[in-house]
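Asker: Residues or ranges marked as FAD binding site in TrEMBL: R125, Y127, L142, K144, M151, S152. The feature domain 'FAD-binding FR-type' is assigned by TrEMBL to 74-176.
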Amino acid sequence: RMDEREEGDNEEAWLQLRPVEPLPSQCCGSGCSPCVFDLYHRELARWEAARASNDRSLLSGEEPQSCPSKLSPETFLAFRISAVDRLTKDTYRVRFALPRNSRLGLRPGQHLILRGKVDDLEIQRAYTPISPANAEGYFEVLIKCYETGLMSRYVKSWSAGDTAFWRGPFGDFFYKPNQYGELLMLASGTGLAPMVPVLQSITDNAEDETFVTLVGCFKTFEGIYLKTFLQEQARFWNVRTFFALSQEKSPENLPWSFREKTRFGRLAQDLVEELVGACRRKPFALVCGSAEFTKDVARYLRCAGLAEDSYFLF
């Protein structure tokens, strides 16, 4: 009978409109809200309601923004790549253009989610912009590429003029000027990223008298990111920088300006205790690096006498 076939066609049409459940690879694992799975369940509920009342107009929801001058935590927006700089053999600084000298609208230390596509597989990863929070007309991110990483393959294919999709902002750390006596920043590798805009917001603000001790952990001297920026920041009266290099052996290989402030080996309990003890005021620690680094450093900080409300783990 004709009406049965029509019903079947209608059912088929509804099934084609059903939202597709994300793959595990599409979740960046950073605890974002909303997560890609939250968005899926929201769309699914909307689809089920529309199907139950056989009303497709219920599916339209809010229109995505066409002009990416304002970020959205829910919708991926396209941003044009204006420059790609290779900082080390595996790390890139990428600059994205913002329309009409607008600002991204992030607070220092907040992160964004990047969507990539490789071999028809969608992936999402979290990155923290390293540009100042008040930068106009652009933002920059620091991205480390790994031999076998899917997102790394996607990033390595970028060149100026390409487009990438971001959503955000996310992140629970909100820095307020003069909130802490001293910030002790402990960063490993690209974990330096969230420290950079927080540090810059302090040195850009003459009213902010927070002391900063920044410790960058890298394998080699060659591998230290943003050396010039860090050297410039260390000239401020309230900023000190130190480095822990796990694969260097001797100060002779380092420039004079780095010798006094570099330790050899990994960041361990004794050095953390020394750093906490050398703080000029009661420190609040910020920690960012691999999951293993973050877990170890949190333990060192507790052993050095810092309570759990005296540090933040990115």
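Cβ coordinates come from backbone N, Cα and C, glycine included.
On this model, are these features tucked inside or out on the surface, and what's nearby?
Answerer: Around R125 (FAD binding site), taking its Cβ as the centre, 22 other Cβ atoms fall within 10 Å, counting all chains.
Mean pLDDT, taken over the domain 'FAD-binding FR-type' (74-176), works out to 92 on the 0 to 100 scale.
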Asker: Summarise the domain 'FAD-binding FR-type' (74-176) as counts of helix, strand and coil residues per DSSP.
Answerer: 10 helix, 50 strand, 43 coil
Asker: If you draw a 10 Å sphere around the Cβ of Y127 (FAD binding site), how many other Cβ atoms fall inside it, taking every protein chain shown into account?
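Answerer: Y127 (FAD binding site) is surrounded by 23 other Cβ atoms within 10 Å.
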Asker: Are there residues of the same chain, six or more positions away from S152 (FAD binding site), whose CB falls under 8 angstroms from its CB, and which are they?
Answerer: K144, C145, Y146
